[in-house]
């Protein structure tokens, strides 16, 4: 239950990060996304230290291992909080306002507090952690003081959230700035989307972190002299590059502005990036690269094993459940009023993009993934479910192309884009994109399923032949004996029919 509580604690902080000063005004996409990183790692930093103190006071086992692991987490949290805090502050106020406004004073106070915490973390590494086994009380004393400093910083953060920032120096925000967080100047085309760039703090960072983690695993295996297929690395890195380019280029910038570009992003996030990722086999790589934990002290390798092999994942990767969840995302989102609600908020766009990635990854992991799923299925069965889902993909695209009701009309009609948009035509184009673009990755998937089917059949034949060679299979021996008798000129068929006729005569009498 501990992983469940941890996930619940992190998710509880997300709604707070989607509201407040960061979620309004210009550049609110940067403000919200940076604050989410800030809030999540604050919870991990503070909560982790409090858990360590409680564990030490009850003299729980594995304290040394827990402290060393937390030390790495605390360092990462400090770096993320500092960087995300600076980004958020730079968006909200001008540098000169740090020293002339109450809002800036609170930011300076919080910054000083974070610096103090970093220094205390360095003190832990230099003085208390090396003496932890002999003097555990010393660590607890410093940690308690550290928690008090954290509590003070949290209080400053609460005050910061309740204090209005200084008015913007450029108050001429239009509807586009308020809704999107930035301005768009030209109509997107297949060419100019590659000339617009705006780094996505959530998905761009995710792509970079996953690429670094994957290459770390490859390097770790090479240091051990263990091979790792180059093509798997190419698959996974291509997925990371696709995610980075999609979300940070003109595609990602125009996704919230027009339905057609939103559908382009949806297809890439749900049918492009996940296909490349699952063909890269990241779970297999990391399980091979990470050292197992000590007995009674599970580590990252054991956590990963539990994350990919548990009753929930076993249920979600059942072919029926997996196919339904992948299709339901399309139908429930676009053929109900849910899309109208989600598209009008940055939180809605963020949630949709995360859902597209998660749904696509789960689907293709079970269908064509290199990594083993909790319950392996026959490739023929996977192919049957895949082909059974194809008509639903095609019908969804056709339904959008024929729809006469404009989705999210109130939102799209008030953006004030500097070019004319025929909303119904744009929506029909989005339906065509959903119909056409969805077929290309499915062709790759079908090819991968057929290849897996062939490999599985070939593997079974090799296993059968090997077993026959080792055990002198009785069926094979009888078959060879029959061929030898035929070669010797014996008429086995006449003898067979004679025995059959004698058996019939005996039964008749």
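Backbone N, Cα and C atoms are what each Cβ position is placed from, and that goes for glycine too.
Keep in mind that what you see is a predicted model, and the values were worked out from it rather than measured.
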Of 230-252, 460-482, the range TrEMBL labels transmembrane segment: 230-252
Would you please say which range out of 166-185, 346-365 has the annotation transmembrane segment in TrEMBL? 346-365
Close approaches to the transmembrane segment (103-123) from elsewhere in its chain (Cβ under 8 angstroms; 6 or more beyond its ends): 71, 74-75, 78, 81-82, 85, 89, 92-93, 97, 142, 145-146, 149-150, 152-153, 156-157, 159-160, 163-166
Can you tell me how the residues of the domain 'Copper resistance protein D' (66-160) break down into helix, strand and coil by DSSP? 83 helix, 0 strand, 12 coil
As a test: from 73-91, 143-161, 201-218, 311-334, 346-365, pick the stretch that has the greatest number of Cβ pairs under 8 Å with the transmembrane segment (264-290). 346-365
If one takes Cβ-Cβ under 8 Å and requires six or more residues beyond its ends, the residues near the transmembrane segment (385-412) are 179, 257-259, 319-320, 322-323, 326-327, 330-331, 334-335, 339-340, 343-344, 367, 421, 423-424, 427-428, 430-436, 438-439, 442, 445-446, 449
Between 0 and 100, where does the mean pLDDT of the domain 'Copper resistance protein D' (66-160) sit? 80
Any residues 6+ beyond the ends of the transmembrane segment (201-218) with a Cβ under 8 Å from its own? 29-30, 33-34, 36-37, 84, 87, 228, 233, 236-237, 240-241, 243-244, 247-248, 252, 280, 282, 285-286, 288-290, 350, 353
Counting only pairs at least 6 apart in sequence, do the transmembrane segment (73-91) and the transmembrane segment (143-161) share 3+ Cβ pairs under 8 Å? no
